[in-house]
């Protein structure tokens, strides 16, 4: 296969229209800074699979010398440093500010060691996904694959009984990506409203729903911008405000720290699922791992012991652990769903932190929103014939989706609960459940190593992810329902 596949493809309706034909079209990729994840036409890989003989028992027995990284024709490849920055940006969001609340649900020491263990497991799952992507790229002679395509190809080249589910696997991963990003958008909406309310309550008190309603108009207008390239300065401002806000927040947390005996070392079993949901939500970057690796100038530097992925995730895990540990130690059982809400009310500097973080998250909403709209928009546009109708339908879709996240944020005004729910439902599915399943199916005909260690390891991670999914979702929903009845 010599045609280049798009790496971070910005889909449009033509992709769906083109998929109705008998052959896949080569598509030119847009610049990496213009998109977040690729969403290809559903039939494109099916065509490649058929061309490779996917009906044959010996799929995957193609040229083992094929190196997918040598066939990537990148318009704007990223350096190692650029990739590290993007990886940090993809993982550090509102989740880091919720870590003290997570520690409250786990206990100081359970949270301390649990967060480091969670970070190690999530990082390993990211490596698993990258390794499976490389293996499947060689089998299908493709330069690169995204998350949903890796799921598709693993089933398509897996045991004969599972191949009929390849398209289902792809759609499930795409659905959870959509749910995850919509959940992030709800959290962002509520985070901004709560922090603005906390500032304004010093002068005039209003319900949080009023602030959400005031935000709705500007949020819709901001998300009508379809090309993220024009929002690069906005993204830069958001990053600077986030760094400044975190630095000042640390300055508050580290002053006059109480003794460690003033907080619980271990919490109850009933609240541990809430900790899991918040912690796995915080490690939210698995969706950007493959796009980042696919667009590196030197992708061989992404993995490895001292590679970009390990370096970035060690930084992320250390930041999460530090914020969670010192935030919970400082504010104890009174810690809020976002640590910024615990800063002194009347202090001018703390008010500036709330405002700066609110503005940063408000501006970052567009980046999170781009993923779900990029998944749904091609399907919507494909139902219309004229360009004007397609553009109008895309605009209406954006308004509807932003309004939908507004309504969800209005219905669940507890920030900690919604973060834990999003993490338990969707983040655990993508970060802990999908990778081991994909790895087991991908290497079923290759082998799982001495004594099948890879199989046992994947089964343990899968059980861990499923337990977190079930109990975390149950505990989060129970807390949300409990909050609404009081």
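Keep in mind that glycine also has a Cβ here, set from the backbone N, Cα and C atoms.
The domain 'Amino acid transporter transmembrane' annotation in TrEMBL covers 76-476.
Under the heading region 'Disordered', TrEMBL lists 1-37 (among others).
Per TrEMBL, region 'Disordered' is recorded for 49-75 (among others).
Panel annotation: around the transmembrane segment (106-130), residues 99, 147, 150, 260, 263-267, 271-272, 275-276, 279-280, 283, 285-286, 289-290, 293, 302-303, 309-310, 313-314, 316-317, 320-321, 324-325, 328-329, 431-432, 435-436, 438-439, 458, 461, 464 of the same chain, lying at least six beyond its termini, place a Cβ under 8 Å from a Cβ of the stretch. The annotation transmembrane segment is assigned in TrEMBL to 106-130 (among others).
Here TrEMBL flags 172-196 (among others) as transmembrane segment. For the transmembrane segment (172-196), the list of distant contacts is 37, 39, 93-94, 97, 147-148, 151, 208, 211-212, 215, 219, 284, 287, 337-338, 340-341, 354-355, 357-358, 361-362, 364-365, 368-369, 371-372, 375-376, 401-402, 404-406, 408-409, 412-413, 415, 418-419, 421-422, 425-427, 429-430, 434: same-chain residues at least six beyond its ends, Cβ to Cβ under 8 Å.
If you look up TrEMBL, you'll see 208-225 (among others) marked as transmembrane segment. Long-range contacts of the transmembrane segment (208-225) within the same chain: residues 189-190, 192-194, 196-197, 200, 231, 362-363, 365-366, 369, 373, 395, 398-399, 402-403, 406, 409-410, 413, each at least 6 residues beyond the stretch ends and with a Cβ under 8 Å from a Cβ of the stretch.
Residues annotated as transmembrane segment in TrEMBL: 234-254 (among others).
Per TrEMBL, the feature transmembrane segment maps to 274-292 (among others).
Under the heading transmembrane segment, TrEMBL lists 313-331 (among others). Remote same-chain residues near the transmembrane segment (313-331) are listed as 87-88, 91-92, 95-97, 99-100, 102-104, 108, 111-112, 115-116, 119-120, 122-123, 126, 246, 249-250, 252-254, 257-258, 260, 262-263, 279, 282-283, 285, 339, 342 (criterion: CB distance under 8 Å, separation of at least six residues from the stretch ends).
Same-chain residues lying 6 or more positions outside the transmembrane segment (351-371) and placing a CB less than 8 Å from one of its CB atoms are 35-37, 93-94, 97, 177-178, 181, 184-185, 188-189, 191-192, 195-196, 198-199, 202, 215, 219, 222-223, 225, 228, 231, 234-235, 237-239, 241-242, 244-245, 248-249, 252, 287, 340-341, 343, 401-402, 405. Annotation comment: TrEMBL describes 351-371 (among others) as transmembrane segment.
Residues or ranges marked as transmembrane segment by TrEMBL: 392-415 (among others). Only residues 6 or more beyond the boundaries of the transmembrane segment (392-415), in the same chain, are considered here, and those with a CB under 8 A from a CB of the stretch are 98, 182, 185-187, 189-191, 193-194, 208-209, 212-213, 215-216, 219-220, 223-224, 226, 336-338, 369, 372-373, 376-377, 380-381, 383-384, 421, 479-480, 483.
Taken from TrEMBL, the feature transmembrane segment applies to 421-447 (among others). Same-chain residues lying 6 or more positions outside the transmembrane segment (421-447) and placing a CB less than 8 Å from one of its CB atoms are 60, 95, 121-122, 125-126, 128-129, 131-132, 135-136, 147, 150-151, 154-155, 157-159, 162, 173, 176-177, 179-180, 183-184, 186-187, 273, 276-284, 286-287, 412, 454-455, 457-459, 461-462, 464-466, 468-469, 471-473, 475-477, 480.
Within the same chain, residues 121, 124-125, 270-274, 276-277, 280, 412, 414, 416-418, 420-421, 423-425, 428-429, 431-433, 435-437 sit at least 6 positions outside the transmembrane segment (459-481) and bring their C-beta atoms closer than 8 Å to a C-beta of that stretch. Annotation comment: TrEMBL describes 459-481 (among others) as transmembrane segment.
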